Amino acid sequence: MDNTVSNNTPKTRSATRVMFLSAGMITAAWASIIPFVKYNVQISDGVIGGLLLCLGAGALAGMPLAGVCSDRFGCKPILITSVISFALLFILIPLMTTVPALAFVLFLFGMSIGLTDCAMNLQAVVVEKASDKPLMSGFHGFYSLGGMVGALVMTVQLSMDVPVLTACLVTSALVFGLLLYSQSGLLRNAQGTSGPLIIMPRSVVVLIGVVCSILFLSEGTVLDWSGIYLAEFLHVDTSKAGLGVASFSIAMTIGRLTGDSIVSSLGPRKVINAGALTAISGFLITLHTDMWQLALFGYALIGFGCANIVPIMFSATGKQDVMPESMAVTAVSTLGYAGVLAGPALVGFGAEVSSLPVSLHAVVGLMIIALLVSLKIRV
């Protein structure tokens, strides 16, 4: 992709933010209807787990396609196609009444999300590279903001007894509106070349991918296990167990929306070091307190500490020269998503073998490794 001044305009910056916002909205909206899907199809938790793997497999399948197609055709056609796809597929999900049909739709849904994730990060890298200041944290902040908006939109509708299908239609209509508003700012320029569908990450790109994978693993661990930890080990009522995720998410959103100015003031290296140490401290506070209120503070520290590390890593893919940007972003996105998929499951396996607190301490160890690996990356 060409790196020209025209890549950094108010229109392209706004369009990039809207893509992150839309992806966050639809992902959170899907999470909001999982209980309905379970009831509607009459399936067990184990089957739900398998269906989530179908979604994850689809995302992993879509990411390499995004890199190749964006390289050849530009981000715009990929993002328009993938956003339209996940908005339409989201409407189909509540209509599925059999496991095979649901698995197929979720695979395609995951593929469209994977395409969007990779292409929007590539657009973000190109737009930021054409700028003279950090932008990546703000872009990722809109994904976090989109998650809050998507969850709120669905929760409000469902609490008002709006039918699930209608709620999905409304959410998808909002996404279509956002796409219509932003499509003129999506990047058309491409290299016009075709590369291999699968490319092995090289050199520094591997290191960037490892850091992102560990950070995504840590985030996924908080999202999937904080409620159980609060309920079972700090004896928080199950109705309040979601406060851990809320504390984490709010702090991460604030951290990312203010992250560009923080990175500009302190520099990316100091932000990574301070962020990793803050997140590690948050995990340790949560794991070594008997007060659930202090544990919530710990989860907030994790969210704020992790907030800007992944955006800085994606910025670093635009500074490396060992791989084309499109292939580097694809590799980093894929490795990162692998952490999302594997992390919570590995924590669960570790908890089964030993205990949940011991397993969560292993995540702290991985965070330390991520900090050490990041020292080898030019940011």
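Backbone N, Cα and C atoms are what each Cβ position is placed from, and that goes for glycine too.
Feature list (source: TrEMBL):
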type	residues	note
TRANSMEM	18-37	transmembrane segment
TRANSMEM	43-66	transmembrane segment
TRANSMEM	78-96	transmembrane segment
TRANSMEM	102-127	transmembrane segment
TRANSMEM	139-158	transmembrane segment
TRANSMEM	164-182	transmembrane segment
TRANSMEM	203-221	transmembrane segment
DOMAIN	205-379	domain 'Major facilitator superfamily (MFS) profile'
TRANSMEM	294-316	transmembrane segment
TRANSMEM	328-350	transmembrane segment
TRANSMEM	356-375	transmembrane segment
Proximity of the transmembrane segment (43-66) to the transmembrane segment (102-127), 3+ C-beta pairs under 8 angstroms: yes
Stretch with greatest number of CB pairs under 8 Å, the transmembrane segment (78-96) reference, 18-37, 102-127, 203-221, 294-316, 356-375 candidates: 102-127
Same-chain residues near the transmembrane segment (18-37), Cβ under 8 Å, at least 6 residues beyond its ends: 43, 48, 51, 79, 83, 86-87, 90, 93-94, 96, 102, 109, 113, 116-117, 119-120, 123-124, 139-151, 153-155, 158, 164, 167-168, 171-172, 174-175, 178-179, 181-182, 185-186
Mean predicted confidence [pLDDT] for the domain 'Major facilitator superfamily (MFS) profile' (205-379): 92
